[in-house]
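Listed features, source TrEMBL:
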BINDING   D362, V365, G380, D382, S384, E396  Ca(2+) 1 binding site
BINDING   P499  substrate binding site
BINDING   H529  heme b binding site
DISULFID  C330-C426  disulfide bond
DISULFID  C363-C381  disulfide bond
DISULFID  C432-C657  disulfide bond
DISULFID  C536-C568  disulfide bond
DOMAIN    29-328  domain 'Plant heme peroxidase family profile'
DOMAIN    320-661  domain 'Plant heme peroxidase family profile'
SIGNAL    1-28  signal peptide
Amino acid sequence: MIMMRNFIAALLLVTLVNLSLFSHLSSAQLQPNYYANICPNVENIVRGAVTQKFQETFNAVGGTIRLFFHDCFVERDYPDNQSLNEDGFDTVDRAKAAVDADPQCANKVSCADILALATRDLITLAGGPSYTVELGRFDELSSTANSVAGRLPPPTFDLDQLTNLFQLNGLSRTDMIALCAAHTVGLGHCNKFANLINGPGNSVDPTLNKNYAAQLMSTCLANANSAVFLDPVTPGAFDNQYYKNLQQGLGLFSSDEVLYTDTRSRPLVDLWAQSSPAFEQAFVEAITKMGRIGVKTGSSVLLLILAISNLTLFPRWGSALQQNYYANICPNVESIVRGAVTQKFQETFNAVGATIRLFFHDCFVEVTIKALFGLIKDCGCDGSVLISSTPTNTAERDYLDNQSLNEDGFDTVDRAKAAVDADPQCTNKVSCADILALAARDLIALVSHYSLNSFHYIEYASYSYILSRIMAGGPSYAVELGRFDGLSSTAGSVVGKLPAPTFDLDQLTGIFGSNGLSMLDMIVLSACHTVGFAHCGIFSDRLYNFAPGSPMDPTLNKNYAAQLISSCPPNPNPSWHVFLDPVTPGAFDNQYFKNLQQGMGLLFSDQVLFNDTRSQSTVNSLASSSSRFEQAFVVAITNMGRVGVKTGLQGNIRENCRVFN
């Protein structure tokens, strides 16, 4: 999505609008009811957009709060700001779009005010205090990276340095200590605190809790690009746990822990660790004061209007994914695809796992595209995995890790594409990438229950039975559409982009994180292993060659291991395989997580989700509630469907999904 936004930005015309169009703008001080007569519903509109983003990803909380902090302190592309989470920017973009969609509000509410409101709403949604936001800011006319130098506190600052920096902005030491509690949410990258766990002579900061230090070393020394929660105890809540952590030596940064180790600030840490109301009152006062820093009003600024120039030349170029994308292009596309997919599903249950896996492999692989402004490298859901190899090019599908992709997945897409193009209104107007996304959704929803018998399934032939059991399958959900098909597909682009069955939690989190997906997204999407099968050779090391002195993986359920050995003896036929889910292989459900609790994860990368204490609680939560799993899955697969989407000149609509135009 970042690439898409940058691509569109090349066509944006920044228009300075005469202030006479905005008679409401004045040099008045900030006030809570600033928009009462200008855009009376602004707070409700922003809250609605922010809530939707929050439901999609908790990353929006820390990302937006940090964005507000950095904005008030002075610019985006300075090195200290390059780790700002894109979810923060997207939160503001969505809220701005929602506000401007109201005719009464269009171009009358500043981005600065929207950011302040969004920050408040996300804090509240995460369990923190609600408060009145003072409004009336104007947007700045300049933004330079150099203006950031020396204005943001690095994670190594001591108490005096922190105090002085905040005082430069009119904030007291008490304000500073209260605002530091924003570290109760969000992530810290390993390189930001490496000095604590890998100092001179491999020393560890003596103020760091020993068990916590061991956890950090395990995560960060294995992968320096990893990130960990700033609050290891309640990372999903905006609360006073931050101060309790400091009391236990669990401050992630030196600039966190120093608030407790320095006796001058310790009394406030102790007070707020003991009293949530006292902390919330202090935090509201501090963030309100921070929101007043360097506010621009009246004639000091102009509102910036981003006007897209000449986009009529490219009616689909740069548009964001949307659920009703084909409403005026191919209005029956979803029912057409569903019909073709249902027919394939009746013929073979293999279509389910094969198509879902195809969608996953398509979204995760990097391609290089030649666009209007040069070469752009990106990964994405662009149908590139569907391309067949030629004598001069080995395509993605023929890379070693992709050679086990089942032909039923490709055939599902081919049939759906043929059905769509058979409608004269739709011919060559729907991308293969969108058809794949729709087909994956429809097969997840179509899955009904099958019988398990010695690792083989029995398909029910009755069409009426299948239709009557649709609701017993996986969740249905709205699919965002508008992808273009990619222009490149090479086997080399797959290298290192797909998770291996031997991956541990850090490796899994890292590879999903490189695609903008969280650990929660990764855990939830792993449940796609509730359908499909794996060849014996993929997991045979867990049975016969796990580790020196331990031929079998000790975390493997003994009875399950015996079944696997029976089906997969040493040196098995390469075609032999077993179900990924031995209990309900014919249902898309949360049984996958229950299996992990029983030591019945087929792949090491499955079972590690339960064995690693950092992900175990999520597994337990999803195992205990089907509705919770389904809700989380819909969010995660929607997030995955947005990875590296191609639009306009970055792609096209393929006439044949297996061949470039």
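Here the Cβ of each residue, glycine as well, is placed from N, Cα and C on the backbone.
Neighbour count (other Cβ atoms within 10 Å of the Cβ, all protein chains): 18 for the residue listed as 'substrate binding site'. The highest number of surrounding Cβ atoms within 10 Å, among the disulfide-bonded residues C330, C363, C657, is found at C363. Within 10 Å of C381 (disulfide bond), counting C-alpha to C-alpha distances, fall the following of the recorded positions D362, V365, E396, C568: D362, V365. Of all the recorded positions listed here (C363, S384, C432, C657), C363 has the Cα closest to the Cα of P499 (substrate binding site). Taking a C-beta cut-off of under 8 angstroms and a sequence separation of 6 or more, C536 (disulfide bond) has the following same-chain neighbours: S567, C568, P572, N573, W576, H577, V578.
Secondary structure from DSSP puts C363 (disulfide bond) in a helix.
Reduced to three states, the DSSP call for C657 (disulfide bond) is coil. Counting only same-chain residues at least 6 apart in sequence, those with a Cβ under 8 Å from the Cβ of C432 (disulfide bond) are G383, L386, V413, K417, D485, R654, C657. The 10 Å shell around the Cβ of C426 (disulfide bond) contains 18 further Cβ atoms across the protein chains shown.
Sorted by the number of other CB atoms within 10 A, the binding-site residues D362, E396 start with E396, the lowest. In the three-state DSSP scheme, C330 (disulfide bond) falls into the coil class. In the three-state DSSP reading, D382 (Ca(2+) 1 binding site) counts as coil. D382 (Ca(2+) 1 binding site) sits 19 Å from C426 (disulfide bond), taking the CA atoms of both as reference points. With the fewest other C-beta atoms within 10 Å around its C-beta, C568 stands out among the recorded positions V365, C568. Between the alpha carbons (Cα) of D362 (Ca(2+) 1 binding site) and C426 (disulfide bond) lies a span of roughly 23 Å.
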